[in-house]
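Data first, discussion second: the structure below is written as structure tokens.
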Amino acid sequence: MHRSTGLSFPEPFILRWGGCDRARTQAVVDGHSSSPGDGFLQSPALKMHRVLLASLWLLAASPTSSIFQKPTGSPATPRLQYLLEPLHTAVHTQRGATATLPCVLRALPRNYRVKWSKVEPANYGENVIIITNGLYHKNYGPLSPRVRLRHSHRYDASLTITDVTLEDEGRYRCQLVNGLEDESVSLTLHLEGVVFPYQPINGRYRFNYHEAKRACEQQDARLATYQQLYKAWMEGLDWCNAGWVLDGTVHYPIINSREPCGGRLLLPGIRSYGAKDKQRDRFDAFCFTSALQGEVYFIRGHLNFKEAGQACRNHGATIAKVGQLYSAWKFLGLDRCDGGWLADGSVRYPITTPRQRCGGLPEPGVRSFGFPSKELRTYGTYCFVGT
């Protein structure tokens, strides 16, 4: 494959200086004219005159027409004067872990402060987390009990977050405050997790935005971000019902294009309804959960919903939530071909190794029997015990 060099030359390629070509100049230097009728030997004086003329042409050549040029000017000034650019702007972690967001100074200006804040796209603001002047610091907001400065050396202003929660995911800013020379770096904390679609017992498209947010939280999850939904789609999530995500927009992920889901002619992708009215419009929810801080296990039996809850309590546990079952399936490889009650009244079972007698679907996933009658139907139950 031909690779462009960014340079273009007329064809055939003749290198030119100051309006004359190199072939012409070389002929003059050799004492021979290449013009018609000039093919005779020149006198020594005229020959020297033309040599001097050729030298002047070369010295007067335009520097912009050369192939190679020496760099001019001073090197570009770094974007940041006091803060080092982080090697990686994304930090990956799991719920319950400890994560550190790097922020290191290259120099210590006089009377400086470093301020850490979390960017909140939902309300277009930033929440201050910690402020330090290198000697003292003060924590702010709900993250206050779980954050500290790493301070491994005098230039280190990195932020450490302990016992990471689902709400900690997002974009953070480390800002050096120094009068007129303020500067900052942005970093993103990513949680490894799983996205799952969720709808209530009374059917699809029942949630406004605030109800969807609350429903995810009740199932040990939170509303997924668009980026989390996109990643889940790349990993195979195919769902034809539109749902809310954290920024108040509505989408649904399609792997296999089909008529009820935007039509067969559309390529696979994330179908989008854009931003919707958070009070009036109603859709499902896309929830996100991360690593489990505990264990999910199955109790076999013919139990109605009330009996299922009591069976878990008899073992010192609680009936598992939907997000906890998804987390156990994703991170602990829970594989069970038995439908069991969950806390929201639904019946589901997790499959990591697909097989014909366990739903018949070729992909791993959490299968659902919906919301059967809590009094009339009997199943086993999935229980959760925390660590």
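Every residue, even glycine, has its Cβ placed from backbone N, Cα and C.
What TrEMBL says about this protein:
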type	residues	note
DOMAIN	78-186	domain 'Ig-like'
DOMAIN	194-289	domain 'Link'
DISULFID	Cys240-Cys261	disulfide bond
DOMAIN	290-385	domain 'Link'
DISULFID	Cys337-Cys358	disulfide bond
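Cα-Cα distance from Cys240 (disulfide bond) to Cys358 (disulfide bond): 22 Å (rounded to the nearest whole number). A distance of 29 Å separates the Cα atom of Cys337 (disulfide bond) from that of Cys261 (disulfide bond).
Neighbour counts of Cβ atoms within 10 Å were compared across the disulfide-bonded residues Cys261, Cys337, Cys358; the minimum falls on Cys337. Taking CA atoms as the reference points, Cys358 (disulfide bond) and Cys261 (disulfide bond) are 26 Å apart. Within 10 Å of the Cβ of Cys240 (disulfide bond) there are 15 other Cβ atoms, across all protein chains. Summarising model confidence by region, the domain 'Link' (194-289) averages a pLDDT of 95.
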